[in-house]
Every structure is written in structure tokens, then in C-alpha cells.
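Scroll down for the structure; my scribbles are underneath it.
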Amino acid sequence: MNIHEYQAKEILSKYNVPIQPGIAILKYEDIDYAIDSLATDTFVIKAQIHAGGRKIGGGIKISNDKNEAKNLAKNMWGMNLVTPQTGPKGQKVQRIYIESAAKIKLELYLGAVIDRSNHCITFMASSAGGINIEEVAHTNPDKIIKVKINILTGIQPFHSRKIIFQLGLTGDLAKQMAKIMSAVYSMLINTDATQVEINPLIITLDDKLIALDAKINFDDSALFRQPLIQGMRDEDEEDHLELRATKADLSYVRMNGNIGCMVNGAGLAMATMDIIKLYGAEPANFLDVGGSADKKRVAEALKIISSDQNVKGILINIFGGIMRCDIIAEGVLAAAKEINLSIPLVVRLAGTNFELGKEILSNSKLQIVAANDLDDAARKIVEAVS
């Protein structure tokens, strides 16, 4: 789960990470009051969307005049902000953060991530802050400092010293960085965050470290024990089909292809997407109905897939173990009849009660194409949408 910048800063400040004074505006009519309330000579007006690169699209403005700041915020509200991360469709601005401008001497980068490949938490830092860190990692990887931390021992002074030394920080700045790293580590562990980025982490003219921008991602599977974090969810920022799938307890990721996929098991789902690509087409989604799906969940899965206007055909690939193929067939029929499905549908069933499942589908009056195996299923659906 992603959250907005102002929410990330709110969390970080609770762990004593320094931030600039700011006010989040959640209603258009609160703009004037918020700007009047912020004691500063220079206002920074920031669009709040779940995407980076906001400045490029006009989502960050600076003003030394209070009235101008109000007009900038009002013009920003409701705009369709297009950035390199939103894609051409952009994202509608429905929240704004007004912040006091900082006097910057230097911009750094600091991040921490759950590093599954190395089974640890990895801190990353760079003197090239304020810009796209992925681009820095690609063009100048030597600029990225990495420190791996064993989750059993936690962050230790020598971890901080490595980053502090390589960044060239001394004296009070070194102490500040050590405190911020310790705070970020504690926050990541305590909130079930998977990624924390402070970019830039600035050094001010009076040698103070301040988190000028922040991004935090959280583990969706752990939200049940993080009610405060869950309360920060902004459903307007999420894909409506992915949100609908989450509420139905379905693992669904929307993609850019035109062949919808319904599969049980993540590994089988990825194999299904791979073979669709092998036949020259593109999957429209990843959807795992899980091993214990019932008729209702299967029906909802088909409705979600068919709600994507890019989908021109659907491939259902089920290997029945715990899940029975006849349950899948009944759910598919119920949903197909309810939504009056009119696009090609290819179904491959194998495993528990697959004969009964095939019989249920074949006895229906719907135009459903049966497949003998995965290769046959992929070939048939690609041919059907070509």
C-alpha cells in the first residue's frame, strides 16, 4: 500500500525525523485558511498523488506571495497531473500539501528496503539526492552506498558509520544522520513498511538534516495489524479494479495487454502469462483466485477481468487440487450469464472433478472453448482475439 507525502512525513516525524512545517489540504475550500495559517515567507505548493516526478508535470510550485500561493493551489486542485510515473493518463489532484520552503546547501538520498534477495534490510544512501535514484543507480552505480542489516541484530553504530563516512559527514551532521537512520529502521520494522525513501534529505544552510520529501510503501498482507496505516489508504489513488479485487480477497494486478487471465496459484498464473506472450500476445492481468476459492469468488474474478475495457478475450487455467473444477465451472457460468459475456472465453481444467467441470461448461449454451492443456489453451485464445 502506498501513502501520500504528507502522510509519510507525519509518520516520520513521530519517529523524530526532522521535517519542514506544513499543512495538508483535503478540501478545496480549506486552501485560503491553510495558507494563512502557515507562518513562512516562501510557500511550496505540492500536489499529493501516488507518483514521483511531480515537478516535471507542474505538480510543485513555489511562491513568495501569499495571494499568489493561494491561486497556485486553487489552479492545481483538480488538475490532471501527468508525470513519468503516472503514464499518459495522469492522476487527478485531490489533495495538496503546503510547506514552508527550506534553504538548501546540499541534497542527499536515504532509503531503506526489505531486501528479499539478501534476506535483510538494506539501507541505501547517495550524495546525488533530489533526482531519480533509479537513474543514478543505472548511470553511476558508484554513487549508491549500500549497507545490509541483519534483522536479528538490528541497526548498529557501524552500519551508520559506513554511510556517514562515505557521504563525508562529520561532527553534528554525522550525529544527526545516525539518529535519522535509527529512526527510519525502527519505523520500517514497527509499521510493516517494505520501503522508505527520503529524497531529498537536505542539509540546510545552518547544517540541519531535514526530510524534504518522503515515500513509504507498506506490506498489504500486514495491514490487518496496522489499523492506523490502513486508515491512511486513499482509494481514489488506486486502480479501481485492483481495489475491487483486494476487497474480494483476490490477488490481481492490472497490466497493459488484451487477454485476461484467471488462474489458481501464483506460479501457474505466471506460467500462463508467459505462454500467452510466447504466442505473441500480451496478458491484461495477473489474477490468482487462490486455492480455496468458492463459486462467489470465481464469479467476482470473472466480472473484474471483463470490466477491463482492454480485455478482448479471457483464458481460465485451473489445476484443481484443493479447489474443485466443478466449482470453478459453476462460478464461471454464473458470472458469464450475469454480465452477458460477449468476448471469447477459453477454459482449461485439470485435476479434481475436471470431468464434471467440463461437462457443466459443455452443457451450457454459452460460447466457451475447451482446451486440453495449457499450450492448447494459449493458442486458442490468441487465435480468438487476433
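Numbers run from 1 along the shown chain.
From the backbone N, Cα and C atoms, a Cβ is placed for every residue, glycine too.
Annotation comment: Swiss-Prot describes Lys46, Glu99, Ala102, Glu107 as ATP binding site, evidence class sequence analysis. Cβ environment of Glu107 (ATP binding site): Gly129, Gly130, Pro200, Leu201, Ile202, Ile203, Leu212 lie under 8 Å away, each six or more residues apart in the same chain.
In the shown protein chains, 22 other C-beta atoms lie within 10 A of the C-beta of Asp213 (Mg(2+) binding site). Annotation source Swiss-Prot lists Mg(2+) binding site at Asn199, Asp213.
Per Swiss-Prot, substrate binding site is recorded for Asn264, Gly321, Ile322, Met323, and the stated evidence type is sequence analysis. In the three-state DSSP classification, Gly321 (substrate binding site) falls within coil.
Cα of Glu99 (ATP binding site) to Cα of Ile322 (substrate binding site): a span of 54 Å.
Of all the binding-site residues listed here (Asn199, Asn264), it is Asn199 whose C-beta has the fewest other C-beta atoms within 10 angstroms. All protein chains included, Ile322 (substrate binding site) registers 11 other Cβ atoms within 10 Å of its own Cβ.
Overall, the recorded ATP-binding residues Lys46, Glu99, Ala102, Glu107 cover a maximum inter-Cα distance of 18 Å.
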